[in-house]
Structures are given as C-alpha cells and as structure tokens.
Amino acid sequence: MESPTHPKPSKDKTLSWNLVFLVGILFTIDIGMANPSPHQVYNVTWTITNLVTGTKANATSMLGTLTDAFPTMYFDLCDIIGNTWNPSDQEPFPGYGCDQPMRRWQQRNTPFYVCPGHANRKQCGGPQDGFCAVWGCETTGETYWRPTSSWDYITVKKGVTQGIYQCSGGGWCGPCYDKAVHSSTTGASEGGRCNPLILQFTQKGRQTSWDGPKSWGLRLYRSGYDPIALFSVSRQVMTITPPQAMGPNLVLPDQKPPSRQSQIESRVTPHHSQGNGGTPGITLVNASIAPLSTPVTPASPKRIGTGDRLINLVQGTYLALNATDPNRTKDCWLCLVSRPPYYEGIAILGNYSNQTNPPPSCLSIPQHKLTISEVSGQGLCIGTVPKTHQALCNETQQGHTGAHYLAAPNGTYWACNTGLTPCISMAVLNWTSDFCVLIELWPRVTYHQPEYVYTHFAKAARFRREPISLTVALMLGGLTVGGIAAGVGTGTKALIETAQFRQLQMAMHTDIQALEESISALEKSLTSLSEVVLQNRRGLDILFLQEGGLCAALKEECCFYADHTGLVRDNMAKLRERLKQRQQLFDSQQGWFEGWFNKSPWFTTLISSIMGPLLILLLILLFGPCILNRLVQFVKDRISVVQALILTQQYQQIKQYDPDRP
C-alpha cells in the first residue's frame, strides 16, 4: 500500500479510551444455511451499524443469490458518528462534528480514511485506535493519496448531496440544516444529513463468507487528533417463504392414507374441440385443477399425506398420458418404482427468459441440492461443459455476463452440476464454472400392459423373457416445449397448454418439496431411528400404500390400474377381480380332461406319481405274451439244431460209388 507523502507522527493516531462493550457486538452470529443450492434466491438484508450507539445507519434488502446480492449502500457520515465527535466549544474552529449545521457543513470538505478491523493485524491496533494505529493500515477513503487494497471487502467514498448551501440574501440554507429544528430554512433535510457516503463491495468481498458482521474504523484526516468512528457491515439471509414446523418429528408425519375429501375422480369423456383443428379434448369431472387462465395454487395450506401425494403423482401421469394418446390408457397399469431414481430428465431445446431481477420461478428453488442421476437425450447446455457430459448437448451457450437470471420455460428445469433448479444465476454460473442442461422432468413411472401384470400374479406364472418396460419419460418426452414428441406423443399439441400437464407438474412439485422437507427434517432430527428410516423414504411410502391395498406390488414397483374410466383407487380389489375373470375365461377354454387337474390340489401329485408304474404294467400286459412266444420258439429252434449235431457225430457217411464211371 502506498503511504502518504507527508505522514503525520504516529502519536497523533493514538487515543486511550475503552471500548470493551463492543466485544459483544463484534461476535454476533449471522444466519447460516446448511448446504444450500447456489442458485437459491433469498431475501438478503445488509445492515451498516454504528458500533458505539448500536443504531442502524443503513439497512438495504434485496432478492438474490448469495453470490450476486451485494447492493450499493448509501448512508450519512453523521449516522455512524452520533455525538462522539462533538468537540469542546472552546476549541477554535474545530471543523468537524454533527451537533451543529455549520460543523456538518465544514466536515464536508475534510478527507477521511478507513481501516479494516477484521484483518486482525496487531500493528494496526484495536477499536480504541480505529484499527488505524500506524500508517499503512488504511484500505479505502477520500484522501489525496487515495488508499486502496486488493484484499479488503469494501470501498467507502464520498457521495453528492444536491442543494444550495448559501441563499441569495446572505443567509445560510441547505441540507445541513435539520428540518425538524429549522423548519423555515430553505432546503433543510431530515436530520441535517449533508455528508453522504457510498459503500460498495469489492470482488474479494463478494467471495468471502459473511457468516458474521465485520467491523471497520473511519478517521478524519486533519491537523491534530483524528477523530474515530466505528461501524460494522453484516448480512442477514432469510428464505422467501420460511418453513413451518409441524409435530415433534418431521421425518414421517405425512404417512397417512388418502383423505376421502381429496380423492380425485379422474373420469374423462372424450369430446371434440369447438376451435379450429378439431383435436380431441378431455373433460374432467370433479378434478381439482385450476383453469388454464389462472396459475396453479394449492387449494389449501393443509399438508397432504403420503397417499394423496403419491396417488396424485400417478393421477397426473395418467391424465397427461390420456391426453396425448387415449389408446394407451384403455387398459394398463402405471407403476411407481421404490428404488431411486424417482425422477428422470430428458434434455431438450427451448427458449429461456433472461431477466435482470429474480423472476417468480427463482423464488421456489429447493434449499438443498437435488440431483438428477438419469438424464438422456440432447438439448441446450449453458456454461463450461466437460467432455464427459458433452453428449447431452445439442447446442452449447456460454451464457451472459453480469447479474442475470435465466428462467427455464414452464414445465422444464435446469439440471446443473450443483443440483436441480428452475432458475439459474449467471453470477453463480460464471463464478463456480458450473454448467447446466435444460431438461424436462418426469416421474419414474413405468407403463405395463395388463397381460404382464396378470401373468405375474397368476399361480402358474411362466416367463420366457423379461418384457420391456416403458417409462413415461420415454412416452411423453419433448411435449412441453412443442418439440418432436417421442413415443405415443406424436400428432398432439404441446402438453404445456393443457390442464392435465399442469396437474402433473403440480404433483411433481409437491412430491419434490416433500422429499426436500424430509432432508431438512433429517438434518434437525436427533432420533437415530428416523435417520435409518429416511434412507429408504420412498420405499416406505410405497410399502405403506401396498399394505393399505391401494396398489399392487409388482417386484419393486407399486402399480395402479387405469382405463378410460380413470385411475382405480382400490387396486388390489381390481386385481383380484381381473384375475378371477381371467381364470374363468381360462377354465371355459379347457377340456374335461384338463379340468381334472384344477379340481383338487392333491390329484395332480397322485396322477404324476402312479402314472409311470401303470404305463409299464400296461405295456407288459399288452406285449408280454407275444414276446414270450417268440422267445419259446427261438429256444425250440436252438434245441433242434443241437440234437441234429449230436446224431451226426455217432454215424459215418458211406461213400457212394457209380459203376458207370471207371
């Protein structure tokens, strides 16, 4: 740091006065956030406090992230001085102080310098020295040598106050007069504030952790003793909508069956739209869905239980699927998986909105980092994308400079390296070297044909091979932004315009919020059992539905039956009914002989045990006599041959002689 050309002696910089009562103020703890999402928008309040009197010189609130919420703060020098600079009236022309308009006016032209107290430098002294015991401790101010610093957190400069300080009649007027005391004086201001100061945060201050207030000392540069003023800067971070505590333990308070009042009858009747195009529409009966022209808001602040939350998730999936291709929902089973991931993302191309102030979507970012472990497809990427993830990018943008907020289109999210968010801050993105992919978020719901489910629950289930399971993400991916629809979504308008898709989005938002609240409850819970239970929270939720008969357990999935009448609530009863119908149809197609094996459980075992010996005995009775006769005849023939051989051994053959031959 550059020292002044004509420094004053160090003895002019010292003053022995006790400020022990400031210790309690200097160690005030700020509100901290445990593992927040870097794109989370908070209500950030910055406060400048007079450490001698404890009064606030300035309090500025703004919405923003912890990376870009650093406003420019304006305050008056007398707000951090109070009455501590009021010199004796016998001192000739002191030229400073805040008790009189003339002193406030003369103080305007006096240079000042500021020294940090958070640096803990021994040579700079303590509060009694204004942290400026020796030259070189100053880091900012308004003096002829212009002190600067590369490591301090703030800069303090003089501001400009508009007004006329000397009236035409020779009298004095202007903002240095307090209008509460001099109400008839022209240009008088509130409190006589005519020494404005401007505080700005440096790049180092934007990167530091403001987990507590930080103090500085301000001193006037004048001949003789330099008066001292002490002030602190602190940050208070509050969520936009503070969470409400419910019950002694927040880990499992919502595991309860669906309420009868909130059950949704999802009966739909197809009709043709009256508008141009003639696309078929859907009419909902008793469905708690907001109209298309009004935003979706919860019907009541009452917390919904596990049954309502998960069934609403499947209900929204069914409505979205039925709106795109009703042929798929004639007879099907929609299954929730019990193992993570519970959601999957489809990378898409879309037009995001670029705003300088946080949009409403930025105010609903979860406080914790939620990870999407499965993202497929190719879409829009922003930031520095590593080579391992470039396969997800069809288009890559470097983003924007400055404090901008990029809001994802309705129904989409940004899947960032730091977590899932509907809105990203470019200040955070540039500072952390993060990258984000624009995705559609879909619940992990699998689609099964009824034959597969019924065969699995049949008593004699046989599988040649595992059937291919389709997920809703593959069937509906790409519909929210009006792009090319995958799977069954071809030929329909964008789901973003339908109430069915809005209900699905509302159900997903409620479920994600419940998962995030469970994480928060786990952080605050002191019960070890709840920590073990929450590790498989979704598995417990699905088990709860299975035990209540609300869904059918298929391997590690919780399945709900759906047809054109809607989503069935009592799925186990529906499963038993369909299995009974399937068995009756199977019995009607069997013959009388095949039916014997289904009448008694022991009959099949008995038949299979004695059938072998009976067949052997029957074969012996049928073919035994023939075989025995052939064997006896063979023996007789052999005996005859032996007898002939014996006779030939006892006699000799006589030679025959022909007399006609010589």
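Placement of Cβ uses the backbone N, Cα and C atoms for every residue, glycine included.
Swiss-Prot annotations:
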DISULFID  Cys115-Cys132  disulfide bond
DISULFID  Cys124-Cys137  disulfide bond
DISULFID  Cys332-Cys335  disulfide bond
DISULFID  Cys551-Cys558  disulfide bond
REGION    245-279  region 'Disordered'
MOTIF     551-559  motif 'CX6CC'
TOPO_DOM  35-606  topological domain 'Extracellular'
TOPO_DOM  628-662  topological domain 'Cytoplasmic'
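Locations of recorded Swiss-Prot features on the structure.
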{"residue": "Cys115", "record": "disulfide bond", "CB count, 10 Å": "29"}
{"residue": "Cys124", "record": "disulfide bond", "CB count, 10 Å": "20"}
{"residue": "Cys132", "record": "disulfide bond", "CB count, 10 Å": "26"}
{"residue": "Cys137", "record": "disulfide bond", "CB count, 10 Å": "24"}
{"residue": "Cys332", "record": "disulfide bond", "CB count, 10 Å": "20"}
{"residue": "Cys335", "record": "disulfide bond", "CB count, 10 Å": "26"}
{"residue": "Cys551", "record": "disulfide bond", "CB count, 10 Å": "30"}
{"residue": "Cys558", "record": "disulfide bond", "CB count, 10 Å": "26"}
Cα within 10 Å of Cys335 (disulfide bond) is the criterion; apply it to the disulfide-bonded residues Cys124, Cys132, Cys137, Cys551 and give the hits in sequence order.
Cys551
Distance [Cα-Cα, Å, rounded] between Cys115 (disulfide bond) and Cys551 (disulfide bond):
68
Taking Cα atoms as reference points, rank the disulfide-bonded residues Cys332, Cys551, Cys558 by distance from Cys137 (disulfide bond) and give the first.
Cys558
Disulfide-bonded residues Cys332, Cys551, Cys558: which have a Cα within 10 Å of Cys124 (disulfide bond)?
none
Do me a favour and check the Cα-Cα span between Cys558 (disulfide bond) and Cys332 (disulfide bond); whole Å is fine.
13
Per-residue pLDDT averaged over the topological domain 'Extracellular' (35-606), given as an integer:
73
Cα of Cys332 (disulfide bond) to Cα of Cys551 (disulfide bond): how many Å, rounded?
13
Hey, does DSSP put Cys332 (disulfide bond) in a helix, a strand, or just coil?
strand
